[in-house]
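Participant: Starting off with a structure, shown below.
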Amino acid sequence: MEARDATAGALVSSDGEEQTAKKDAAPKKDTPETKSKMEKIFGFGKEDLTSWHSLVTLLNRPTDPASLGIFRCLFGLLMVIDITQERGLSHLDYKYLDGAPVCRFPLFNVLQPLPLDWMYLVYVVMFLGALGIMFGCFYRLSGLMFISTYWYIFFLDKTAWNNHSYLYGLIGFQLTLLDGNRYWSIDGLRRPSIRNAHVPLWNYTLLRTQIFIVYFIAGIKKLDADWVEGYSMSYLAHHWLFDPFKVILPVELINLLVVHGGGLVLDLTAGYLLFFDATRPYGIFFVSYFHCMNSQLFSIGMFSYTMLATSPIFCYQDWPRRFFARFPAFLRAVLPLTSPDPQPSTSCVYNEIQSSSTEHQETPTVPKASKMRLKHKLGAIFTILYIAEQFFLPYSHFITQGYNNWTNGLYGYSWDMMVHSRSHQHVKVTYKDGKTGEIGYLNPGVFTQSRRWKDHGDMLKQYGTCLNQFLPRYNISDPEIYFDIWVSINERFQQRIFDPRVDVVKADWSPFRPNTWLMPLLVDLSPWRTKFQEIEGSLDNQTEIVFIADFPGLHLENFVSEDLGNTSINVLQGKVNVEIVEEKKNYTLTPGQQIKVPAGAYHKVYTVSEDPSCYMYIYVNTTEAALQVNFTKLYELQERVRNGTETEPLPPELQPLIAADDEGSEVNATDPIVQLFLKRQRRMKEVKKRREAGALERLERFAVKKYYTIRRSFLMTAIAMRNLAVGLPSLEQLTREVAFANMKEAQAEANQDERLKDEVGHGEL
């Protein structure tokens, strides 16, 4: 698939584009060539697909290098920024914890991180490779430096996988093979023979098809019933970005029509809109709006900006020449070329009409008809195989069945972006001493910084094996490891994802066989989600609810916090037996029945019916409710003091309520409730101030944050390179250097920002 190509007499949709066709086309005959309808729409005719020879000629057709060169530069720049952020250069020492006992999750178990200083060197190589791509300097070598280190880091940690990180690696791989240094590159200055030279059409075909696949397959994956019915990302409808829609639509319809319906239609149509001349302006507008919104909705690094940079690839290949031609003449020395025509290249195949005429002096000199070579055929073969592989890989999960869980495959290469959202209610890690039989419990996530292992059987196997190796250091011999993990996917019941009776250390797992200890997703219970919304809508703001589903023969052991003074279990389906551990009593419940469970104690819920049971916990955080009542009274008292309607003198413990109005004054409250009330008030003011900040203040805050991120990246890298070159300094000197790189004041401010963000996000204010 390829958009219309200006260099081979393609469709001319405006006067400006007609000049492009004249530049790159062959000398023309007196009688204009008549084009078929297919050629006008797609840029090639049926005759270009009738034989292998004609297809190779088509894919190696000479094409303007300008658009490819600009994309190369933009991609390299974005990867330079990405390396310090999402790739983790700014916090590499925290990421790899050199020397500490850490469980890791590489794609292949033989892959392990190098010592910390050497990992910094790996990142330096990747950074220099990205710079080389951006400037087009020693282009092939730079591409190899970037993709070799990038894919090493990518395969080193499956828990960090996502679709856009995978896409970066694919684009980097493609650019390494493409002639991306033919335009606006240092290599072009060093080697005049390649400067502003034609590139074969398959260079654009690969990139355009890759981006088309990203959009289209993402749309196909969104045909999932959960997405169509609006359960995948329902929380997004409450974001401030959708406030304009709230003027005409309720939140429920914004979720269904705008968030889910709009996302589905955009992904399915974006590739086609960008492909055709008539619809391309609309496509660029909609995908630009979409990615700008995503940059605010999600923490996805450079992905939104990378996708914005890919849109011009679908335009006429000479658009940079026409764009930069509008700049003042004194800037032309540093801007990309605007006037010269591309020079011939041995990478392309020129058809005979381009060398058949020498009478037309108004056209540039072109080479004689080039003979098709092996590299032209290899380029065509690679293009076809790569595109076929990219269409196949998102549906290859029938091969790698061991990676399939409730969703197919490892998240990151299937383009099922945002289709599944998960919440974890209960995670219990149990060990059993293989010799003594002693049973104990581990803090979930011990020896690891990741949380992704809870949803993937392959990672759970790696984690269990790692715990089996570490626990003997703590006098636990030959430990058995059991996981009891409860997950809700797309607002379904909370249910077990893996069999809690299986010792994961000894459990069988293969990448090519289904996971036998994976519990099935209870999709038959999905219609209950409509009932969930009705039940939740009938509750007050202080009442919380959790929906549980469990399998016959299993039980849930749960501890009710003392803060939850009013907790009950209501049965919706099936039959359960509730055991109050301390009272040593059992109660059998059927649908419609409920029981209150004591706070500060354990209880067990056994599923005794033949079918899965469904029940719900309804609870009120009585401690928080009482706290809110006190806060309300304090706020009312504070307002009366401010407006002068309070006639009674305040006791000493409430005097800080008056001092709190003084900006910048330090308030010392002795009463813990008053102290917490004033603390929350200060944070509310700070949050309000940040939200109401002007554009310049926001820009300054953003720039300062990025400055300290980049600053720490380079300082810690310099320390590591010095260590490799001359050895480690004294511990005191190293401590001072790291402290200087950390910039404690800025770090504390950043941590405060995160706390504010966390509190606002959880509705504590």
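The count begins at 1 with the first shown residue.
The backbone N, Cα and C atoms fix where each Cβ goes, glycine too.
What TrEMBL says about a protein is an automatic prediction, not a curated fact.
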Participant: Looking at the candidate ranges 65-85, 296-316, 317-337, report the one that TrEMBL labels transmembrane segment.
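Facilitator: Going through 65-85, 296-316, 317-337 one by one, TrEMBL gives transmembrane segment for 296-316.
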Participant: Six or more residues beyond either end and a Cβ under 8 Å away: which residues meet both conditions relative to the transmembrane segment (120-153)?
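Facilitator: Counting only partners 6 or more residues beyond its ends, the transmembrane segment (120-153) has Cβ contacts under 8 Å with 69, 72-73, 75-77, 79-80, 83, 87, 89, 92, 111, 114, 168-169, 172-173, 175-177, 180-181, 184-188, 716-717, 720-721, 724.
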Participant: For the transmembrane segment (253-276), find every same-chain residue at least 6 residues outside the stretch whose CB is under 8 Å from a CB in it, and list them.
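Facilitator: Sequence-remote neighbours of the transmembrane segment (253-276) are 1, 3, 41, 208, 211-213, 215-216, 218-220, 222-223, 227-230, 232-234, 236-237, 242, 245-246, 282-284, 286-287, 290, 311, 314, 418.
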